[in-house]
Amino acid sequence: MSSDRTSVVVSKRDAGGFEYPFAASCHPGREVTEQRTLAWVRRLRLVPDGRSLSRLKATNFSHLAAWLLPSASTQTLQLASDFTAVLFLLDDAYDEGQLSTDPESVEWLNEKYLGELFGYTEADMSDPLTRGMLDVRERIRRSHPHFFLNRWLSHFQYYYEANLWEANNRKQMRVPHLEEYLMMRRYSGAVYTYCDLLELLLERPLPLEVVQHPLIQTVRDICNDILCWTNDYFSLGKELTNGETHNLIVVLRNECVSTLEEAIDRLKDMHDRRVAEYQGVKEKVLALWADDEIRLYLDAVEAMIAGNQRWALEAGRYSGLESLIVRAG
């Protein structure tokens with residue numbers, strides 16, 4: 001698959017964030033992609049009014065897609081941007097308001113959305129989120145092998161199930177245990193769906209014997225952990241303000257009876273160990289497969305890891321974290 005070259009590269013060390021042995025890049029088409037996604041959102045009537053559209057735009061969803069997939073073709077970047085917009089709308093629906101603490105309603109909604117995505121039930125096209133999700137699904141179905149669509153849908157399913165787990169916890173006012181949280185965070189972040197989208201940068205999606213190999217699975221797990229843990233770090237201020245307990249720092253503070261600052265330090269240590277582990281796994285992968293496609297996939301994983309942090313810093317989610325530590329630690 002052809003790709004557009006990136007035009008923006010940032011240093012390997014972003015002030016205030018985490019260090020990586022690889023640099024972040026941004027797709028040069030992000031502004032055009034954003035305008036096309038906003039037009040798509042309006043055309044499908046995914047939001048009710050201009051205020052909601054402005055709120056969606058403020059999330060910098062297209063910039064996230066551009067930082068995660070800097071070498072994508074224009075078509076793949078547009079798909080990722082549109083999917084990210086729908087995912088952010090889903091996050092708002094599940095995490096805010098009465099639904100966030102109503103597991104019975106979440107379970108009903110999950111059955112509805114998953115039934116529609118997998119084609120088990122007739123789609124309710126009056127639901128804007130249904131319209132958005134099915135549009136993304138159909139574009140994948142038309143352009144890529146069915147086995148890839150099923151892989152992506154299976155990982156998307158985990159996201160819905162994790163939302164039910166979170167709603168149950170909120171209703172019970174329960175902070176999850178560390179090991180449980182580490183497992184479920186991989187699903188609540190929907191990162192596996194983006195690991196799948198990275199395969200669209202290759203000539204063909206990875207075959208089963210490759211994608212299910214323990215080494216490649218470890219690569220994807222590490223990528224998932226790093227993205228989710230750094231997101232927990234950057235969104236800590238907002239989530240503490242909202243009383244959200246599904247955050248690794250909050251879980252660490254609760255499990256270890258530590259201060260907030262100590263929990264942050266532990267997250268950073270866990271993060272750095274995962275980065276070091278990735279470097280070792282990467283060497284094993286390249287020793288096993290002398291394949292340009294595998295190397296391209298690893299390059300894409302690294303770009304996504306570094307790009308996720310760059311987007312978070314660009315979006316301003318880091319501001320005020322130090323003062324928050326002083327207040328809450």
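Quick reminder: no glycine exception, Cβ is built from N, Cα and C everywhere.
Copied from Swiss-Prot, the annotated features are:
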- Asp91, Glu96: Mg(2+) 1 binding site (BINDING)
- Glu96: Mg(2+) 2 binding site (BINDING)
- Arg185, Lys238, Arg317, Tyr318: substrate binding site (BINDING)
- Asn231, Ser235, Glu239: Mg(2+) 3 binding site (BINDING)
- 91-95: motif 'DDXXD motif' (MOTIF)
Distance [Cα-Cα, Å, rounded] between Asp91 (Mg(2+) 1 binding site) and Glu239 (Mg(2+) 3 binding site)
13
Taking the Cα atoms as reference points, how far is Glu239 (Mg(2+) 3 binding site) from Arg185 (substrate binding site) in Å?
15
Name the one residue among Arg185, Asn231, Ser235, Lys238 whose Cα is closest in three-dimensional space to that of Glu96 (Mg(2+) 1 binding site); these are the binding-site residues.
Lys238
Over the motif 'DDXXD motif' (91-95), work out the mean pLDDT and round it to an integer.
93
What whole-number Å value do you get for the CA-CA distance of Ser235 (Mg(2+) 3 binding site) and Arg185 (substrate binding site)?
14
What is the interatomic distance between the Cα atoms of Lys238 (substrate binding site) and Asn231 (Mg(2+) 3 binding site), given in whole Å?
11
Going by DSSP, how much of the motif 'DDXXD motif' (91-95) is helix, how much is strand and how much is coil, in residues?
5 helix, 0 strand, 0 coil
For Glu96 (Mg(2+) 1 binding site), name the DSSP secondary structure in the helix/strand/coil scheme.
coil
Rounding to whole Å, the Cα atoms of Asn231 (Mg(2+) 3 binding site) and Arg185 (substrate binding site) are apart by 11
DSSP-derived structure type at Arg185 (substrate binding site), helix or strand or else coil
helix
